[in-house]
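Have a look at the structure below before the remarks.
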Amino acid sequence: METWVNQSYTDGFFLLGIFSHSTADLVLFSVVMAVFTVALCGNVLLIFLIYMDPHLHTPMYFFLSQLSLMDLMLVCTNVPKMAANFLSGRKSISFVGCGIQIGLFVCLVGSEGLLLGLMAYDRYVAISHPLHYPILMNQRVCLQITGSSWAFGIIDGLIQMVVVMNFPYCGLRKVNHFFCEMLSLLKLACVDTSLFEKVIFACCVFMLLFPFSIIVASYAHILGTVLQMHSAQAWKKALATCSSHLTAVTLFYGAAMFIYLRPRHYRAPSHDKVASIFYTVLTPMLNPLIYSLRNREVMGALRKGLDRCRIGSQH
């Protein structure tokens, strides 16, 4: 047994992690790092393409660039520290580092959830009111949508970080997770945190179910509009417009609701760790692939970029 188990740690916490040093876990760690690399490169590339190509300077792609920025920050919040601890054999994280992880994680997950909900409204306007789309989704509205998503997430993250980090923590301070996940951290508090946990649950309900209700309402209206279309080509275009967003929504909300909206007696640390890997690493990797591989405009921008690089290298 490692020496840190028999010591108390007053300046920070110990992260028990998700991987041991068995052969199977080494393979899984390699897979997670490969996924992390793809997520990093994919989101950076998508942001770059949207910024560089004038044809992608539309509301939908502006929202997509913000989503990619959130995903990029999300994978960089927890995975590098997890990898550093695993490779070095150290399991510690400083008190300040733990607080930063909590604040960033809550902020980014909350902001992304709200943005995905408001992106559904954008799809609704594009399909149900195409003639009024440039007016209803002008630059000011787009900035308000993304700004409100970031603002709600930042406020939520700051409040929860300050409250959680002001609780007294006892004993060995071993967090049964691969990052400073708030609910795992609260189990180590020396005081009763049940009231705050109820507040967290209420925040999760708002930050997840409120945008999810916008998504359901938007797609209900979209479905009504699509059913009234008589052209097969119009059907295909409408479904293609929505399919990428629906896939991203299913991945993100499925994992987030599984963790944060389950009754407490159904929670298991091992399940939470796997679900956290899913939407902190896998979803950020899949989002740029979903939105680019199934989108002609993004693929066209990528081909033009590659052609420019090839021509430049020949000269």
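Keep in mind that glycine also has a Cβ here, set from the backbone N, Cα and C atoms.
For 1-26, 81-101, 160-196, 261-273, the entry in Swiss-Prot reads topological domain 'Extracellular'. As annotated by Swiss-Prot, N-linked glycosylation site applies to Asn6. The annotation transmembrane segment is assigned in Swiss-Prot to 27-50, 59-80, 102-121, 141-159, 197-220, 238-260, 274-293. According to Swiss-Prot, the topological domain 'Cytoplasmic' annotation covers 51-58, 122-140, 221-237, 294-315. The disulfide bond annotation in Swiss-Prot covers Cys98-Cys190, and the record cites sequence analysis as its basis.
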Worksheet item: Quick one, of the disulfide-bonded residues Cys98, Cys190, which Cβ has the fewest other Cβ within 10 Å?
Response: Cys190
Discussion item. Let's see if you can do this one: DSSP helix, strand and coil counts over the topological domain 'Extracellular' (81-101), in that order.
Written reply: 15 helix, 3 strand, 3 coil
Item to complete: Work out, from DSSP, the number of helix, strand and coil residues along the topological domain 'Cytoplasmic' (51-58).
Response: 5 helix, 0 strand, 3 coil
Discussion item. Under 8 Å between C-beta atoms and at least six residues away from its ends: which parts of the chain pack against the topological domain 'Extracellular' (81-101)?
Written reply: 4, 9, 11-19, 29, 33, 36, 161, 164-165, 175, 178-180, 185
Discussion item. Within the topological domain 'Extracellular' (160-196), what mean pLDDT does the predicted structure show?
Written reply: 89
Discussion item. Could you give me three numbers for the topological domain 'Extracellular' (160-196), the DSSP helix, strand and coil residue counts?
Written reply: 14 helix, 4 strand, 19 coil
Item to complete: Six or more residues out from either end of the topological domain 'Cytoplasmic' (51-58), which same-chain residues have a Cβ under 8 Å from its Cβ atoms?
Response: 65, 297-298, 300-301, 304-305
